[in-house]
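*Asks:* My questions all concern the structure below.
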Amino acid sequence: MARRKYVVGNWKMNGLKAALDEARAIFAGAAEHAAVDVALCPPFTLIGAMADAAPGAAVGGQDCHAAAAGAYTGSVAAPMLADAGARLVIVGHSERREGFGESDADVKAKAEAALAAGLSVILCVGEPRDVRESGGAIAYVLAQVAGSLPAAFDPARLAIAYEPIWAIGTGLVPTVVDVAAMHGAIRARLGELSGPAAAEAMRLLYGGSVNGDNAAELLDAGDVDGALVGGASLTAAKFLPIVAAAAQLG
Ligand SMILES: O=C(CO)COP(=O)(O)O
């Protein structure tokens with residue numbers, strides 16, 4: 001079964017209520033491309049309003065706590081995201097792993113909590129620049145995959161996003177050959193960990209400086225099923241060409 005293309009915007013810590021017009025425009029434009037699944041992950045504060053502003057649209061969080069509730073000041077639990085109207089959540093983004101000291105075990109626990117709350121998950125992995133330069137990128141990322149993967153999951157609800165840290169927000173992207181090699185290696189490892197049927201069904205996204213100019217090439221790389229987009233997801237003018245590129249590839 002062919003995997004549907006999946007293009008997800010991660011707004012990071014950007015967006016006030018005024019940005020809901022942009023989200024409406026993004027979802028309206030995305031609706032023209034029925035073959036592509038599109039989601040936006042705004043800050044927590046906008047999830048409810050965005051879900052209300054775009055009924056039926058896939059809105060998600062950027063992180064969740066591993067516990068379902070409790071004394072964790074400042075944190076947001078997965079059932080709260082679902083209650084606010086989210087359908088998905090990103091876990092393990094490098095800005096969480098690096099900036100907040102999240103380990104593979106933390107990411108795994110968050111992914112499991114999200115799945116238990118009925119959310120879909122985008123689980124991020126990716127190597128720092130020195131690891132890429134020393135030739136160890138694939139081994140590094142495969143260890144992250146093995147350490148972060150939930151114990152049990154529905155492959156339709158778990159996507160892996162490969163985001164090389166050195167490509168995030170820098171304008172640098174790996175070669176298409178390197179992207180295909182990484183994604184192929186991830187899918188092979190998923191086959192060993194979860195069985196070939198799950199590995200075949202799971203969507204693997206590339207993230208890191210994706211834009212309207214490079215999306216077609218990156219999305220066409222082997223084993224790439226979509227994109228996780230940061231800066232270029234903040235406006236319809238920048239994001240919709242990426243969705244259109246995915247639609248072209250079907
Ligand atoms: O981190 C990213 C998405 O999660 C990528 O960000 P940029 O698209 O801004 O490089």
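These residue numbers are counts, starting from 1, taken along the chain as shown.
Keep in mind that glycine also has a Cβ here, set from the backbone N, Cα and C atoms.
According to TrEMBL, the protein carries these features:
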- ASN10, TRP11, LYS12, GLY169, SER209, GLY230, GLY231: substrate binding site (BINDING)
- HIS93: active site, electrophile (ACT_SITE)
- GLU163: active site, proton acceptor (ACT_SITE)
*Asks:* I'd like to verify something. Among the binding-site residues ASN10, TRP11, LYS12, which ones have a C-beta closer than 6 angstroms to some atom of ligand 1?
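*Replies:* Result: ASN10.
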*Asks:* Let me make sure I understand the span of the substrate site: among ASN10, TRP11, LYS12, GLY169, SER209, GLY230, GLY231, what is the greatest distance between any two Cα atoms, in Å?
*Replies:* 14
*Asks:* Just name the most isolated of the recorded positions LYS12, HIS93, going by other Cβ atoms within 10 Å of its Cβ.
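*Replies:* It is LYS12 that, of the recorded positions LYS12, HIS93, has the fewest other Cβ atoms within 10 Å.
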*Asks:* Let me know how many other Cβ atoms fall within 10 Å of the Cβ of GLY231 (substrate binding site).
*Replies:* 19
*Asks:* Which residue among the binding-site residues ASN10, SER209 has the fewest other Cβ atoms within 10 Å of its Cβ, if you could check?
*Replies:* SER209
*Asks:* Can you name the residues of this chain that are 6 or more positions from GLU163 (active site, proton acceptor) yet have a C-beta less than 8 Å from its C-beta?
*Replies:* HIS93, SER94, CYS124, VAL125, GLY126, TYR206, GLY207, GLY208, LEU228
*Asks:* Around the C-beta of GLY169 (substrate binding site), how many further C-beta atoms are within 10 angstroms, looking at every protein chain?
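*Replies:* GLY169 (substrate binding site): 13 neighbouring Cβ atoms within 10 Å.
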